[in-house]
Structures are given as structure tokens and as C-alpha cells.
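Enquirer: Sharing a structure, written as C-alpha cells. Questions coming.
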Amino acid sequence: MVISMEMKNVNVGLFGHIDHGKTQLAKQLTEIASTSALDKPKESQKRGITIDLGFSSFTLDRYRITLVDAPGHSELIRTAIGAGNIIDAALLVVDAKEGPKTQTGEHLLVLDLLNIPTIVVINKIDIANDEEIKRTEMFMKQILNSTINLKNSKIIKISAKTGEGIGELKKELKNLLDSLDIKRDINSYLKMPIDHAFKIKGVGTVVTGTIHKGKVEVGDNLRILPINHEVKVKSIQCFKQDVSIAYAGDRVGMALMGVEPESLFRGCILTSEDTKLKVVDKFIAKVKILELFKYNLAPKMKVHINIGLLTVPATIIPYKIEKINDKEEPIILEEIKGGDSCYCIFKLEERVVVDEGDKILIMRLDLPPTTLRICGFGEVIDFGEVEVKKIVVKEGKVVKKKDKIYIEGLASSKTAGEKLIGGKVYIPDKNIWGVIKGTFGTKGALIAEFDEEVNGGEKVVLKRVRKWG
């Protein structure tokens with residue numbers, strides 16, 4: 001294949017329920033065989049890398065397209081989500097006869113949350129009747145209308161077996177790619193998640209992946225995280241052609257010196273020495289829980305976090321920022337439910353490579369595959385420590401003596417009362433605020449000043465924070 005400098009590399013995902021025809025569609029479109037075909041399942045099991053993402057490629061006008069075939073089986077949803085993190089657009093394949101299934105909806109939700117431009121491909125029109133095709137098209141239109149970002153997605157009807165409709169699909173895919181403003185960060189440090197690793201006789205260790213950011217040249221000294229191996233690039237291939245340099249967005253294979261394939265696993269990332277990537281076992285993310293998620297999440301609950309190509313078990317600690325006594329405090333949330341937005345600390349069961357701004361998906365993989373297992377989504381904002389607190393509410397009452405206002409019931413002694421001086425209190429029935437100015441006597445009575453007139457006997461509330469957990 002002649003490679004023109006004007007050609008643009010893009011990555012297109014193939015999604016859909018098992019047996020709806022994704023792989024057959026890939027064969028219709030493909031010009032270059034799958035990268036993973038070089039890897040044998042027995043070898044992959046020995047290395048701990050499951051061969052469950054298929055990669056192949058073809059050209060379309062000015063685009064060199066890498067197809068990423070995501071698994072459709074319910075047990076491999078984590079891998080399908082991983083595929084969503086390395087693509088620019090997607091084809092969602094639906095069986096015309098069977099219609100959308102559970103994994104169809106799950107995959108569409110992933111694409112919607114990651115905001116991946118998508119074409120719905122209704123396949124197997126050669127074996128479905130007109131009524132079945134119309135019904136499937138109607139169902140898909142209804143589902144698309146319920147999405148956030150994919151309401152205007154095109155629906156194309158094809159037969160991957162006979163080739164009917166493939167020309168129209170290619171035309172629509174080109175139109176979609178033409179409409180995208182794909183930005184590649186080629187001036188950053190290198191970030192390339194490794195999805196396959198194997199040995200080739202006479203070449204040595206070869207890794208494949210899609211470059212997220214930066215560039216790589218033959219001869220570069222790089223680092224593999226989280227194992228912290230130093231390696232050197234011997235050669236680079238892009239679309240089966242030897243190249244001396246590759247950029248963000250390119251799907252590449254690289255021969256490396258300094259590492260054996262047995263040392264690598266999904267979650268390893270190839271990066272440059274100037275990297276800002278972190279290897280962590282916890283991070284903070286800004287999170288949104290899906291309206292459709294029917295279960296509540298509570299502190300210290302076990303979830304699964306997808307980040308890049310990796311899905312790892314984690315403990316969730318949700319919190320909000322609340323102003324208490326003029327100071328913003330991280331306050332624990334005892335539960336979060338569908339539609340809620342908050343901050344979360346995620347404590348991971350293994351160390352992972354994370355970039356600030358990385359998108360995450362939160363899942364409950366312990367739930368049955370017939371129900372929605374994706375809880376929500378978020379963005380990594382920090383790796384620092386946050387001491388989450390809880391609010392302690394105390395109640396007292398107003399006592400008026402002559403021209404003085406006192407509060408009783410918030411403290412049991414003068415010493416305890418002195419610790420409350422400066423604290424803000426309020427009358428909940430009237431939303432009147434006041435400040436504790438001092439103590440009175442030895443039994444914990446407090447002197448207070450309020451913004452407005454208050455009456456004796458009214459309930460007074462004091463909020464304070466304590467360390468949680």
C-alpha cells in the first residue's frame with residue numbers, strides 16, 4: 001500500500017451484541033489482517049494478556065482507518081469499554097432479526113458517555129423480513145433519542161454476508177469522519193497503552209498500541225509504566241510499513257530492546273522520560289451517576305473502575321464540598337444515587353497508570369448482565385490526599401435574660417463551651433444566623449449575637465466537622 005503524507009490515521013470501533021456480525025463486517029471492510037492474529041491464545045494466556053480486542057485496517061478516501069473490534073459478550077464489557085478509550089468514531093452493529101439486546105444498550109451507553117460519534121449499522125438484512133427490519137430501526141431510533149450525545153446518529157442497513165449496503169456505509173462513515181475536528185497532541189510526552197505483546201523470531205519483543213499523545217522515533221529511549229522498565233525503540237511499523245517516526249493517533253507496532261513480552265500486561269503504558277503520568281493506587285475524580293442506574297452507592301462500597309484499557313476493583317468514598325463556619329470542607333456522602341454529581345476518592349486494589357484529566361467509567365460488575373452495570377462516569381482531577389469529614393449537628397435553645405441572648409444545650413461545661421467560641425449557629429425555623437461570642441457561668445451556657453431578633457425557647461443548631469472513617 002502506498003502511504004501518502006496527506007492520509008489521516010483514524011481509529012473506528014466496532015461494537016455490538018455477540019453474534020450480531022461485527023467480525024463479519026470487519027472482514028468486509030478489511031485490507032490488512034488483524035494485529036492480534038499474530039498472537040496465539042495459548043501464548044496470551046501464559047502472559048496474562050487476553051486476546052479480546054481485534055485490530056484490522058483499510059483505507060477510505062484520505063483516511064487510513066484502524067478497526068477496533070470490541071467483544072460483544074456480556075462478560076467482556078470491561079474490554080469493550082477499554083476499546084472506547086482509543087477510538088475516534090464507532091460503528092454499533094445490531095442484528096436486524098433479533099433487534100437490540102442488553103449489550104447493545106450497554107455499548108451504546110459507553111459510546112454516549114465517552115461522546116464517541118457513532119453510526120448504527122443494522123446487519124443481516126438478507127435474512128430478516130421487512131417488518132423485522134422496520135421494527136429494529138424503530139427500536140434503535142427510540143434508544144438514540146434517549147441518549148445525551150448520539151440523538152442524531154445515522155442508521156445504515158447492510159448485509160455483511162452479501163455486501164449489500166457496504167458502499168452506503170463507507171460513504172456515511174467518510175461523511176462522519178469529514179465532520180469531525182480530531183485534534184492530536186503531538187507535542188506532549190508520549191503515551192501509548194500497550195494492548196498486545198509478543199515475540200517474533202529475528203525481531204525480538206514487539207508491542208502494539210494506539211498512540212494517545214506525543215510522538216515516537218526509532219532510537220528513542222522510553223519507559224514502560226507501571227513496571228518502570230527502560231527500553232529502546234529498534235523499529236516502528238504503521239499499517240505494515242516501516243516508518244522512522246509515528247505520532248498521536250497512529251496505530252503502531254514497535255520492536256523494543258530491554259523487555260520480554262512475559263513482563264507486560266494490559267495496563268502497561270509506553271511513555272517518554274519527560275512523562276507526567278502517575279503510577280497510583282488512589283485518585284480523586286469528579287463524578288456523575290447515571291439517571292438510569294437503579295442502585296445506591298455508599299462509602300467503602302466495592303466497584304470497578306475503567307481507566308484506559310484497564311478495569312480494576314476499587315473502593316469508593318463519595319463526598320461533597322460544603323461551607324461550614326466560613327470554610328470549605330470535604331463532607332462524606334452516606335449514599336449517592338442516579339442523577340447525583342459529587343467528588344469521589346477511589347482506592348484501587350492495584351497500582352495503575354493515570355493521567356490528570358483521564359476519563360473513567362464506574363461499574364458494578366457484581367450485578368447480573370441483564371441489568372445496567374455502568375453506574376456513572378467521571379474525570380480524574382487530583383492524586384493528593386483528602387481528609388474527608390462528617391458533619392456533627394448539635395441542637396440547643398435560645399434563652400433571653402434582660403438584654404442578653406444565651407444558648408443552652410450546646411455545651412455541658414465552660415471548658416467545652418470555650419471550644420465553640422466563634423462558631424456559627426442558626427435558627428432553622430427562621431434561617432437566622434448568629435455567632436457564639438463567649439461563655440456564661442460554669443454549666444456550658446453560651447453568649448450569642450444574631451443578625452435579627454430571636455425569641456426565647458427557639459431551637460438553635462450548630463454544625464461542626466469531625467474526621468470521618
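Numbers run from 1 along the shown chain.
A Cβ is built for glycine as well, from the same backbone N, Cα and C atoms used for every other residue.
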Enquirer: Of 48-52, 248-252, 318-322, 448-452, which span is tagged region 'G2' by Swiss-Prot?
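Expert: Residues 48-52 are the ones Swiss-Prot records as region 'G2'.
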Enquirer: Looking at the candidate ranges 95-98, 123-126, 323-326, report the one that Swiss-Prot labels region 'G4'.
Expert: 123-126
Enquirer: What number of additional C-beta atoms lies within 10 angstroms of the C-beta atom of Ala70 (GTP binding site)?
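Expert: I get 25 for this one.
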Enquirer: Across all the protein chains here, work out how many other Cβ atoms are within 10 Å of the Cβ of Gly16 (GTP binding site).
Expert: 29
Enquirer: Mind tallying the region 'G1' (16-23) by DSSP state, helix then strand then coil?
Expert: 2 helix, 1 strand, 5 coil
